[in-house]
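Enquirer: Here it is, the structure in full.
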Amino acid sequence: MGPHAKQQQPNRSRRSSSFDRRQSRSRSRHNSVTSLDSSSSFLVDDNNHEMYAGAASEVIPSSISSLHYPHHFGRFRSRQESAISRETSPLLQGDQNDLDLHSVKSNVSISSYDKSHFKFFSPDEIEMAQGGSTLENPEDPVDYNTNWDYSVDKYDSVEEPLTVSDSAVAYYDQAGVNERFSSPEPADYGALNAHYERRNRRGSDESSNKSSLLDSESMTSRKIDQDFYKDFPAKLDYQRFYLAEEDLVIGIAGYANCWWKKLLFYFISISTLGIAYLVLRWFPKYRVNLMGNRCPLGLADWCVIENEFGELQIVNIDSHRLNERLSSFLTLVSSEEQGEEIPSKERDPIIPVVRSFCYRYIKFFYNPVEDIYRSNTNWYDLHWLNVKNTKDGVSQSLQEQRLELFDKNSIEVEEKSIMQLLVDEVLHPFYVFQVFSIFLWLADDYYYYASCIFLISAISIINSLVETRSTIKRLQTISRFSCEVRAWRNGFWKQIDSTELVPGDVFEVDPSLSVVPCDALLINGECVLNESMLTGESVPVSKTSATQETVQSLPENFATAILSRSFLYNGTKLLKMKSSNDEPVTAMAVKTGFNTTKGSLVRSMLFPKPTGFKFYEDSFKYIGFMTIIAAIGFTYSTYNFIQLGLSKRVMILRALDIITIVVPPALPATLTIGTTFAINRLKKLDIFCIAPTRVNIGGKLDVLCFDKTGTLTEDGLDVLGVHVANNASGRKEIVFEDIVQNGRNLVSETIKSVHDSNNGKFLLGCMTTCHSLRLIEDELLGDPLDAKMFEFTQWNYKEDQVTGLPVMYFGDKQYTVLKEYEFISSLRRMSVLAQSQDSREIVYTKGAPEVMIDICEPDSLPSNFDELLHRYTHSGYRVIACAYKELTSSGRTAPRDQIESNLIFTGFIIFENKLKSSTKHTLRQLNDSHIRTVMCTGDNILTAISVARECELIAPEVTNIYVPSYAGEGDDIYITWEDVDNSENKLDPETIKPIDIRQGSDYKLAITGDVFRFLLTEVKDIQLVQNVLMNCDIFARMSPDEKHELVEQFQKIDYTVGFCGDGANDCGALKAADVGISLSEAEASVAAPFTSRKFEISCVLDVIKEGRSSLVTSFSCFKYMSLYSAIQFITVTILYQRGSNLGDFQFLYIDLFLILPLAIFMSWSKPYDKLIIKRPTANLVSPKILIPLICHITVILFFQILLWIVVQREPWYIRPVPDDDDHVQSSDNTVLFLFTNFQYILIAVVLSQGPPYREPMTKNYPFIINLIVAVLLSLSLFLINGDSSLGDFMQLTNMGSSFYFIIVISAVVNLIIMMIGEESWFKKIAATYKSVFHRSSLGKSKKIFKNLRREFSLISTA
């Protein structure tokens, strides 16, 4: 039990009761499953929402769910069921059969915290803390460790109408509730009236004496505060919170200021000359306790916030007087959920002072009832639950109050000043080390060298500042928006700036408004919007005004299909609006600023998920190891200098100089050179990267998930043709005719017999009228499927000048659409009432074939209906059925179900989805390089299988594809697997292996999102899930949340996952993947690390090639800088033996004329044009990397010591004199300097490996030129006379001419040994080491998926 266990006890009982109810609902879910026909209920045809047979899409705009709820698995139900969409990994669940909350929490700790990186908070603290979530429902409060409710049959339950509860009605009669809920207020005539209203609202008595009034208010306020804190004492000093939009857990701890601790902090910082300040800045968790004391959250002056990635932030808490009900800014928790009947007064108290802070642009408010902070991102006013009240607007005083609570309606990305950015950059550990190095060199009189390094650092910092500022500017351009709007205030229309809008404001949606300024609810009129900002598809979306049913969906977190039909999203473009009455088109602001959909999008761009790539982790380990080497060198050198009797100043400076040699200040910078070049090359290919660290990760991809529509296939559908249902020649029997591929051939002018049904003209009439296309700015816009269908007819579209009704015409033929019955997902059809040119009124209906059977006359259905439908759907085509009937004038007023009955079937429309030109070739290359490819789509499973076979995502030799179905009854439901083409072939449900040994072992699985969810949440068999993940390449009918979950499940078995999608419906998966590549220009997709302007999956190959090239380059640069340090360290250590050193200009020549150009140009290599099976290593501290590195260092050491020993035997040898660095001339210095110049060059040659990841070194022309220049410069140093001024400048001595030849020969031999060693010898030594010391791990991998693959291959072979 934690220290706050007693405080949490009441809430535990409330949550447990919620837990009970959810579990009972979870059990009842099986009823819906067992209602399916277990013998044949493949999920392959489980299309319950669309008007066609074949592929299916989401009911709710996928952008909405993906942006707000990356991976919720719940279904939308009525509020009476107290259910909302859940959002977290299913493995956060506790045992379904255990209602004890302790066990739930312990289960959470096992799965949830294994990979968390909390440092300030302990895992136990986070586990035991009281929690909240941005995903809130007043009827069902939840935080991320609750037993999340999952279900198989999402969206299928019948939604019951909601009513405003008695408690909600009673709320408006309470004392303290703002008078805005009473009759309309008079106009606001200025400050006097507003002041009077505020005084009146707070219950202050009028007084003629202003000062006495203020004294009275002050005393009353203090008394109210004391009484309030007595009723709601603050006890909890820390909590957790789940940011659902970002899938992020944070811990929050309260702190109060302590003057003596602050004084101590400043004293320590000053007394250590700022060193303590720097260390505490880099490790802020140690700074916290030096600035304040832990205290209850409700009394804190500031708080410490740490997220699950260990990122810590200190945030000040603001407070201001409010005297309003808690529900005026936070969503209430129902008394039912608290497990006991709590008086409304205690549940919704008057808050005297509101306390708040901002974190990641989300505002958190202190809730005294729960004693924790909560966000109000999904807040709604109880007043809005009655649709009549939504038109009231807000008063001026209420607008001022909400403006203070919710902030301005602007998505303003904060921009740091130049000075702030400069301080942040300069105080980074890397630059602090450089500053230390520069001061050290200045103290050692290395003025030229220090100046050059300072200049390079300054250029680097300036470049970084410019890049940071330009990035912020780009984000501000995307996010910033304001315009003039007309708002309804105090009974009058008032022109205001859109930044002044607050939740509850009613504003006019007029033609001058091009973009929706906030998230709003349409309350009068109709609108047509372009939501491509969210979805990436420039398809106009019609919005209708809200009804009572609409507003009662508000408590369900703004995510229901009903609400989305009337919801206007911030940033979407208004195309058309019209009013159905004399009033203007109006909307009510619901969310503003960063709480909006667009705000959530901008936040995701500002705070991307950090990557834990092994190369970056290992590089810091390696730097730490080199620091230890430097410390050893420092100690040895100090001891040696004491023995030589050098002065203390020289001794200290030279010993410290060892550190800058072993850990070169330029090391971190060189690691990014290859990545920078790769990003620039990708940019030339129209592939843009916003996360440079993901480039190298692209080189390690193991599996690539592809969306289908718009990614593998063309964005839209094409009409393959139509099959007209007519009577057979001379008979009554109705059959399908051959496919017609030209719309003009549909109408037959001649009637051959009395039985001739001539349905062609009615099928044509249906295709011309039954759609929701609209003419906007002379362009026909709407659903792409409708657009292709209408284009097939070759008819024309116009709108009646008088009535505004749509008119379709061709020659003298014409239809006018009198009424449209919109598509409803539960009905899976739409209809129109059309009037022909001869005034006949005809109902045209189109919809899913299986639905149309029930509403058509049986005699009108063709005998080969099922046969033709099965043929097309199993071949991956989409099929829509069409029907009609004529109406009398009296039938027009009949209800929809009567109008859509007894129809005459006319035929099928067949749609095909063509592959993109580069799809097949790209997938073949990926498969050849053993990069696994997976399809992850929202389409029907049959369509997915067909496309997968066509594009060879499923290899041609794979003949058996198994699909799942439910079997069993009650609580014993399980999954069975049958061959999609032959139901006789089955798999064992447990092992997923063929039951019949005669069946081939080369097979694949294809599953739907519902089964995927069922396996994760109901079956919970890890081995079974892993088997499915390893053998399933087709995931169909996947919602955006399920795509996100799939990516995470792949990552759990150690796959490095790439995801390629074309829109915001993939936003969650694109962000969750190790490498997300978006093929869309939608702003929502900008959150993906990579965005391609060429909408072909061939860009994936470029990202992988550049990733591999960049990763190998980073390794090469790292090894180069390590060997450069080793060469210089060996040289200096040898010279330190005699009390000497390298000269100032010798150091300058090495670093500026050799190392810097070579490091840059060796990174210039382009990627190799072919992908191979083997991936480059990302493990920097593996024997494969370290042993060759040690071997190189050994060779370097051997040649330096050999030449140093040989030179001492020469007659012209000049012995070094121990002194300061102004007198270093000696033969030791000269020979080591001249020889190591060649070593710096030759290691660049050795490490510039070309294929299979980079182009051959010979094609890197800048590097070849650099090599030639460097060699010539180093040879030219041989010509310098040691007695000349230039010789004195370079601090060289004369040597025998034959020794120069020895140096060159030694360099050549050194190069040959290192090249052969790199290619062969050193690799064999590393392999021998592994076989001797790591024998137990041979054949095994640290990655789970590789071991699973090995096991499967062994079983298949057996």
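Backbone N, Cα and C atoms are what each Cβ position is placed from, and that goes for glycine too.
The feature compositional bias 'Polar residues' is assigned by TrEMBL to 1-11. According to TrEMBL, the compositional bias 'Low complexity' annotation covers 31-41, 209-218. The domain 'P5B-type ATPase N-terminal' annotation in TrEMBL covers 246-367. The domain 'P-type ATPase A' annotation in TrEMBL covers 484-605. Taken from TrEMBL, the feature region 'Disordered' covers 1-41, 196-218. The annotation transmembrane segment is assigned in TrEMBL to 263-283, 426-442, 448-466, 622-639, 651-674, 1117-1135, 1147-1164, 1185-1207, 1230-1248, 1260-1279, 1299-1317.
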Enquirer: Relative to the transmembrane segment (1117-1135), which of 426-442, 448-466, 1147-1164, 1230-1248 accounts for the most Cβ pairs at distances under 8 Å?
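Expert: That would be 1230-1248.
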Enquirer: For the transmembrane segment (622-639) and the transmembrane segment (651-674), check the count of CB pairs under 8 Å (sequence separation 6 or more) and say whether it reaches 3 or more.
Expert: yes
Enquirer: Are there three or more C-beta pairs under 8 angstroms joining the transmembrane segment (1147-1164) and the transmembrane segment (1260-1279), sequence spacing 6 or more?
Expert: yes
Enquirer: Per DSSP, what is the residue count of the domain 'P5B-type ATPase N-terminal' (246-367) in each of helix, strand and coil?
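Expert: Looking at the domain 'P5B-type ATPase N-terminal' (246-367) with DSSP, the answer is 37 helix, 48 strand, 37 coil.
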Enquirer: Counting Cβ pairs under 8 Å that are 6 or more apart in sequence, does the total for the transmembrane segment (1185-1207) and the transmembrane segment (1230-1248) reach three or more?
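Expert: Answer yes: the transmembrane segment (1185-1207) meets the transmembrane segment (1230-1248) with 3 or more Cβ pairs below 8 Å.
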Enquirer: Looking only at the domain 'P-type ATPase A' (484-605), how are its residues distributed among DSSP helix, strand and coil?
Expert: 30 helix, 46 strand, 46 coil
Enquirer: Tell me, roughly as an integer, the mean pLDDT over the domain 'P5B-type ATPase N-terminal' (246-367).
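Expert: Averaged over the domain 'P5B-type ATPase N-terminal' (246-367), per-residue pLDDT gives 85.
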Enquirer: Going along the chain, which residues at least six beyond the ends of the transmembrane segment (1230-1248) come within the CB cut-off of under 8 Å?
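Expert: Cβ under 8 Å, 6 or more out: 1116, 1119-1120, 1123-1124, 1127-1128, 1131, 1134-1135, 1142, 1146, 1149-1150, 1154-1155, 1158-1159, 1162, 1165, 1192, 1196, 1199-1200, 1203-1204, 1207, 1257, 1260, 1263, 1267, 1270-1271, 1274, 1277-1278, 1282, 1292-1293, 1295, 1299-1300, 1303-1304, 1306-1307, 1310-1311, 1314-1315, 1318.
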Enquirer: Residues sitting near the transmembrane segment (651-674): Cβ under 8 Å, six or more positions beyond its termini, same chain?
Expert: 430, 433-434, 437, 440-441, 443-444, 453, 460, 619, 623, 626-627, 629-631, 633-634, 637-638, 641-642, 692, 1109-1110, 1113-1114, 1116-1118, 1120-1121, 1124-1125, 1128-1129, 1132-1133, 1136, 1141, 1151, 1155-1156, 1159-1160, 1163, 1221
